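Peer 1: For reference, the structure I am asking about is given below.
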Amino acid sequence: MNENNLNVVYQQYFSKKEADQIFEELEREIEYFPSEMTTVVVFNKRYPVPRKVSAYGDKNLTYAFSGNTLPTKPLIPILIKILKEANKFLKDGSFYYILVNRYKDGQDRIGSHRDNEIDMDPNSSIVTFSFGAERTMIFKRPNFNSVKIPLRNGSVLAMKPPKN
């Protein structure tokens with residue numbers, strides 16, 4: 001899909017059975033940051049986010065967003081499997097880092113999608129796997145219509161430059 005100058009690929013990737021198994025394993029294995037470490041800053045005021053957050057990757061990497069800088073945790077087997085699938089799906093990248101966002105249901109949400117953090121390479125791609133309840137990802141870009149994509153259990157969404 002190259003709509004509104006947004007270069008994304010979206011498709012069902014895992015079967016329902018596989019996706020459910022991965023979701024259950026993620027539920028057992030992922031360790032999330034305490035909620036007070038994952039607030040966002042809007043107009044100089046801190047707010048909680050409606051999700052649990054964790055980051056896993058190579059040693060000495062950090063996850064930086066909205067004024068927060070958090071250390072990554074060492075990769076665990078289920079995330080190594082997901083990284084391998086990301087690298088298989090999008091052959092132009094070598095992924096070594098996973099951000100896990102855990103929303104309690106399809107109704108919890110944040111604002112429209114935006115990857116504008118200072119330490120993010122604007123020419124990099126992002127691969128998103130979705131497990132559990134369906135959620136809608138909304139892309140809003142200046143001078144373009146909004147694009148809504150339903151992220152289904154077991155689906156993959158690859159965002160290629162330009163992401164925003």
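The backbone N, Cα and C atoms fix where each Cβ goes, glycine too.
Annotations for this protein, taken from TrEMBL, read as follows:
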type	residues	note
BINDING	Phe43, Asn44, Lys45, Tyr63, Ala64, Phe65	substrate binding site
BINDING	Asn101, Tyr103, His113	2-oxoglutarate binding site
DOMAIN	8-163	domain 'Alpha-ketoglutarate-dependent dioxygenase AlkB-like'
Peer 1: Measure the Cβ-based neighbour count of Phe65 (substrate binding site), defined as the other Cβ atoms within 10 Å of its Cβ.
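Peer 2: Its Cβ shell of radius 10 Å holds 20 other Cβ atoms.
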Peer 1: Given the binding-site residues Tyr63, Tyr103, which one's Cβ is surrounded by the fewest other Cβ atoms within 10 Å?
Peer 2: Tyr103
Peer 1: Rounded to a whole number, how many Å is the Cα of Phe65 (substrate binding site) away from the Cα of Asn101 (2-oxoglutarate binding site)?
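Peer 2: Roughly 13 Å, rounded to the nearest whole number.
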Peer 1: List every residue in the same chain as Phe43 (substrate binding site), at least 6 positions away in sequence, whose Cβ is under 8 Å from its Cβ.
Peer 2: none
Peer 1: So of Asn44, Asn101, which of the binding-site residues has the fewest other Cβ atoms within 10 Å around its own Cβ?
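Peer 2: Checked Asn44, Asn101; of these binding-site residues, fewest Cβ neighbours within 10 Å: Asn44.
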Peer 1: Across the domain 'Alpha-ketoglutarate-dependent dioxygenase AlkB-like' (8-163), what does the pLDDT come to on average, as a whole number?
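Peer 2: Average per-residue pLDDT within the domain 'Alpha-ketoglutarate-dependent dioxygenase AlkB-like' (8-163): 84.
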